[in-house]
C-alpha cells in the first residue's frame, strides 16, 4: 500500500534495491491454486505443487466460492508485473506453487504431508488456516504435523530451515486468543497479524503473545480490501483477514532470501523483530509495552508493521545468529495450587537458564510456559507471566465462548514479548478467573514447566546497531544510492530481455505509478463474516 495511504510497507523501496524474489520458491498450503492464471502462469513451479486431496500433481482448485482462497493468497506474492491484469505481487520474481489440501478431509497425515512436501526445494510455506476461530477451541498440530514442521526446520533449505508463515487468526469477534492456536503459538512458525490501512487493529484480529509481526489487510466494512488473483482467471477486489496478511509477509521474506540466501529460519524471525515498525501503529492502539531489552511489542501486532525495505536492507549484511539453545526447567517439588472465581494464584519460580551448561540461555527469543490446569469453565481464565526483568505479558485472556471443562493439559503458551531479555532469575505466574461471575467454581494448577529458547552468545546485531538504525541511517545517507540501484536494475532488465528502446525506463516508472492509481481508484464491496471461514 502506498500513495495516499498514511503508511506503507515500502515494497517499492525493496524493488529499487533490485530484489523481486528471484530464485526463491514459495508454496501456498490451501485449497489449490489456479496454475494457468494469467498473473501466475509465468511464475508457477510444478515442483512446489501437489494435490493431496486427489493424490496427483495438479493443484488446480475446484472452481467454486469455497475454493478460491489459495489462488488469492498466491497472487499477493507472485502476480506478474507489466501486464495490466490484476496487479503485481510483492515478490513477483519468485517461483510460486500450491499444495491442495483443504478441499477434503483434513487429517494429521494430510497436514504432515503438506508441511514437509518437497522440503529440499521449497523455501517458504504460507498457511492461512488453522483451528476454528470460534473462541472456544484449543487445538494445535498433531504428532505427525509437528514432526513434519521439525523436519522442515532441521533439513529444509539445506539445513537453514524452511520458513513457515502462518496467519494469526480471525476470531476477534468471538474474543478468541491465538495462544490457543498451536500452529501460530509455535516457536517454529512466523505468526502474522493484520493492521488496517489507517493503522488500527481490525475487528477480526486476535490478540496473543506469540504474534511476531503484522502486515496490512482490511479494516472496517467501508475500508478498502486487498486486490489479487481469483479463480476463473479473474481478479479479486475483496481478499481480506489475516489470510491476506500472511502471504504479504511471505513475499517480503522472499525478497530477503534473494538478498541473502544464507539466512536461517531464526535469522528471519530476528530480522522481523529488529526491523518491524511500531510507529505507524502506536497512535490508535493501546497495549504497547517496552520490554526490558528496549523493544516495543503489542499483543495485537507483535513488534510492529513489516517494512520490506528495512527487512531487505538488514538481510543484505546480516550476520547469522548464534546456535539456538533450549533450556527446560521443571519443578519436581511443585505444590499444586487452588484457584477459584473469587481467588486466583500467584506463583513465583526461578530458573538459572542452564547456567554453565551447553544449553545456557542469556539472550531470549521464545518462552514457553507449559501448564496443566483443571478448571470447570476454561474460558473464564486469564493468565499473565512476569519476567525476571519485569516485563508483564498476558498469555491468555478471557474467552467468553469457551465453556469447556477440559482445562489445559500440558499446553505450551508461547511468548515473544521478552525477546532479547536475560531469562535468569525469578519468574511470576498469575492465574485468575476474570469472568466477573461468582458461581462458586474451583480449579487446580497441577504443574508448570518453563522452556526458554535463545542463545548463549549475544547476536551480532544487538551490539552493532539500535533497532531502527539499519533503516534510518541508510535513508538519510544513501537515498541517491537507492535510485542508482533502481536504475541499474531497470538496465539489467533491458539487457536480459534484449529491449533497447529508449522509452523502456520511462515505461517501468509509469507502470509503478499506474499500480498506485489503480489501488487508489478501487471501489471494494463490503465483506461478510462468512468470508472469514478461511483466514
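In case you wondered, yes, glycine gets a Cβ from its N, Cα and C as well.
All annotation found in TrEMBL is predicted automatically rather than curated by experts.
Annotation comment: TrEMBL describes 30 (among others) as active site, charge relay system.
Per TrEMBL, the feature active site, charge relay system maps to 69 (among others). For residue 69 (active site, charge relay system), the Cβ neighbour count at a 10 Å cut-off comes to 27, with all displayed protein chains included.
A sphere of 10 angstroms centred on the C-beta of residue 243 (active site, charge relay system) encloses 31 other C-beta atoms. Among the features that TrEMBL reports, active site, charge relay system is placed at 243 (among others).
Per TrEMBL, the feature domain 'P/Homo B' maps to 320-458. Per-residue confidence over the domain 'P/Homo B' (320-458) averages 98 (mean pLDDT, predicted model).
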Tally of DSSP helical, extended and coil residues in the domain 'P/Homo B' (320-458): 3 helix, 71 strand, 65 coil
Between residue 69 (active site, charge relay system) and residue 243 (active site, charge relay system), the C-alpha gap once rounded to whole angstrom: 8
